[in-house]
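Beneath this line is the structure, given in structure tokens, with notes to follow.
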Ligand SMILES: N=CN[C@@H](CCC(=O)O)C(=O)O
Ligand SMILES: [Mn+2]
């Protein structure tokens, strides 16, 4: 495991100084988290989790370990359309480069727990979906009544056999909840029938998972959004995970496992708006971007625009 500090080289872009404040782009409001002022109010903080170890263990296509910096680069040049009372911060990367996912995860939990305890908002850029477990466990150090929202084509409810992988994080969260006598409040959104086995659907039923199929989103987005607003009222806080393979392959070719019949950027954008507008989201992660299969950086761009929706709220 390695810890790489804030790198300004990821945060560069076009300069439109003739337009003053109206010409600002995201990279111009990014700062190193180590220089944050004590007066900052609920700032958003990037943490890169450079891991594809979980994908490899899950027999998937590797290529996600460089994603955090590539997504930062796509985000950097987006125009600033919201007012920031504060800067946006970046801590740098945690790198799993020795197959020891567990050691990288310990560091992840340690860093993110500190961010959450300061009431700052971590935005974690993965990495494969193994990123999710550390994010949840860090949040669970501060909160108990957590709604777990996973926008994903897959349940990721596999049982570790014996290791933790990109396919097991939500099962491991269920185990954590059982051991700590907590409800497992899991709401996956965008599930594909043909992306999950019968065994996984049965496990979801047995764990009373309140899942929303991709087809339900396609048939009636407004109903999904209204139902979501109601269901999240019962939770104190939300953990939101966005797996880029929830999108149709036409929008997101750059993932480990591509999806047919996947969601559109418009649908996911409005799901994120509902979640963020609840003011309950305490941590967000975006996972499974894989540049090796991307086409003209389109999936990196889509990843950046989804993070933008979280930043603007
Ligand atoms: N991160 C999860 N991956 C999915 C899909 C695997 C695949 O289709 O290759 C899973 O394990 O179910
Ligand atoms: Mn996933």
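Just so you know, glycine gets a Cβ as well, placed from its N, Cα and C.
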_Recorded Mn(2+) 1 site member, picked from 129, 218, that accompanies 152, 154, 156, 243, 245 in TrEMBL_ = 129
*Starting from the Cβ centroid of 152, 154, 243, 245, the recorded Mn(2+) 2 site, name every other residue in that chain with its Cβ within 8 Å, sequence order please.*
129, 150, 151, 153, 156, 190, 195, 244, 246, 257, 259, 288
*Can you count the other CB atoms that lie within 10 A of the CB of residue 129 (Mn(2+) 1 binding site)?*
31
*Identify which of the following binding-site residues, namely 129, 154, 156, 245, place a Cβ less than 6 Å away from any atom of ligand 1, and list them by sequence position.*
129, 154, 156
*Taking the Cβ of residue 156 (Mn(2+) 1 binding site) as centre, how many other Cβ atoms lie within 10 Å?*
29
